[in-house]
Amino acid sequence: MQQQQQQQQQQQQQQQTGVCGLQQYCLAPGVSSRVKVGVQQQQQRQQQQQQQQQQQQQQEEEAAAVRVQLQQHEPELRVVCRSLGRLALQCIGSLVRVNFAAAALLLPLCSSWGLGASLARVRLDDPFLLQQLQLPAGATPALYGLNFMEVAIPLGEAATTQTGGSSTMQQQQQQQQQQQQQQQQQAGAMTPVVVRLEDGVASQPEQQQQQQQQQQGEQQQQSQQQHPQQHPPQQQQQQQQQLRGWLIPAEQRSSKKALICMHGWLSNRQGCLPFLAAAKELNLHKDHHILLLDMRGSGDSPAVRGAAAAATAAAAAAAAGVPPCSSSSSSSSSSSSSGDCFAVEAAVSQLATDARDDLAAARGEEEWLQQQGVSLQQVLLDSPICSAASLLQQQAAARPVARSLLLLLQHLSWGLGSKRAAELRRLRSLLSLECMDSSSSVVILSAADKLNLWQLLQQQLLLLDEDKRPRATYVLARGEHCNLAAANAAAFKSAVAAAFVSPSSLQRLWRLLLPAAATRAAAPPDTLLLTPKDLSKMQQQQQQIKLHQQQLLQQDKQEEEEELLEEADAQD
């Protein structure tokens with residue numbers, strides 16, 4: 001009994017001590033708050049995980065529903081996309097047609113207002129052209145320290161548009177020139193370059209000029225007595241039919257050599273200044289008279305077409321009070337401008353047909369110089385087409401109405417990139433090559449040109465005979481249009497030197513002994529020099545490639561036929 005009582009007492013003590021421990025543990029400061037925070041965090045984490053799982057399940061269910069809907073409505077969606085694409089194409093086509101129609105309608109309107117000629121003509125000190133040429137404003141030959149004078153050379157159209165009285169005057173002028181040449185030959189004096197100024201006085205020594213002025217005065221009095229005076233419209237027409245330019249006389253006044261620089265479309269005589277800089281570095285100005293001209297419809301020169309009928313029609317229209325169809329065409333080896341009164345296709349076609357007339361006029365100047373005792377030894381043809389987009393944008397900003405013409409010219413530039421325009425450019429290059437003298441011609445152009453002139457010219461050069469190809473063709477690696485000289489200074493200078501500087505006796509001997517090495521040394525860096533023989537080799541290589549391709553095609557056809565025969569035999 002005592003033992004049982006003791007055990008009960010011990011159990012009661014243990015229970016009391018346990019309760020006290022729990023009370024002490026529960027009542028411990030900060031312990032209960034920590035336990036509660038931990039439990040709450042665990043509960044929040046569990047809730048977040050459950051929410052994320054629910055969201056993922058919802059997204060998967062929505063994606064599955066969208067897939068099911070797309071699969072169900074796939075044919076209908078295809079039809080809608082096709083209809084939208086057709087609608088977009090129809091809108092684009094309608095816009096293009098409207099723009100072309102507006103361009104075709106606005107072209108004669110702009111030409112009647114005289115806006116086309118003002119945009120196509122590039123006046124002197126044009127900011128865009130000077131920027132392309134890297135020249136300052138007001139650039140003249142004086143920029144290189146050269147003396148020059150303003151000259152005016154009559155065009156060949158004046159002879160065809162005048163009446164019988166004017167033809168007699170021309171015969172008298174020819175007789176005067178023959179008499180002057182005979183007098184100079186008797187006196188033993190060398191004949192300098194003669195360029196007709198506005199008043200008709202030649203650039204000769206002072207004593208000879210005084211004598212000639214006296215003779216001309218007497219002859220003019222006689223002619224005035226014999227023939228009535230010309231009407232003022234005819235005199236104005238004669239003054240308008242004159243090309244304006246700069247003449248840089250040679251330091252050796254007795255020299256009989258001359259250089260003529262012809263610029264391209266959308267340019268003027270300032271486009272020849274880089275050539276003048278290269279010529280001065282080569283000392284060509286010492287024994288060469290250099291003539292820089294504003295060709296027809298550019299700079300200060302009038303816009304006179306090559307046909308005499310156009311000049312007479314314009315004069316008749318002006319007399320009747322009808323605004324004539326203005327036209328502007330500039331002389332160049334590989335480019336010319338288009339008439340303003342034609343539609344788009346006719347304007348593009350005109351680019352291909354004006355080159356022959358322009359080069360014919362240039363050859364007429366050569367014949368006139370030869371009559372004066374001056375020999376034109378070399379002809380240098382470069383890539384003269386200037387970029388028209390920026391130029392027209394700058395000029396059209398000052399003329400609100402001219403924006404329509406700018407839109408038209410944008411269509412025209414787009415047409416120049418088409419297949420039909422490529423054929424027209426090929427025709428233009430062919431016309432230019434027909435007027436070239438292969439023995440005295442050097443061609444300089446760029447392979448990086450956007451208009452792909454080298455590809456077109458290469459095709460035409462390969463079609464020509466070897467004796468009719470240019471003496472040298474320089475294909476520069478950099479530059480385009482007007483900035484050939486700036487982008488390839490060394491190459492341009494070496495090409496000009498090869499064209500105009502006569503080789504020494506040692507160089508001639510080297511060319512005779514080692515022609516291949518001489519041609520390699522003559523080619524500047526980053527430049528491809530092609531002679532007529534090189535073009536012949538290129539033509540042979542192309543022919544061999546074509547033959548090889550034809551042989552491969554024939555072999556493929558034979559193999560296909562053999563396979564068909566084998567299959568037929570197997571079936572039998």
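Cβ coordinates come from backbone N, Cα and C, glycine included.
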* For the region 'Disordered' entry in TrEMBL, name the matching range from 23-44, 529-550, 551-572. => 551-572
* To do: Determine the mean pLDDT over the coiled coil (39-69), rounding to the nearest whole number.
  => 85
* Asked: How do the residues of the region 'Disordered' (551-572) split into helix, strand and coil according to DSSP?
  -> 21 helix, 0 strand, 1 coil
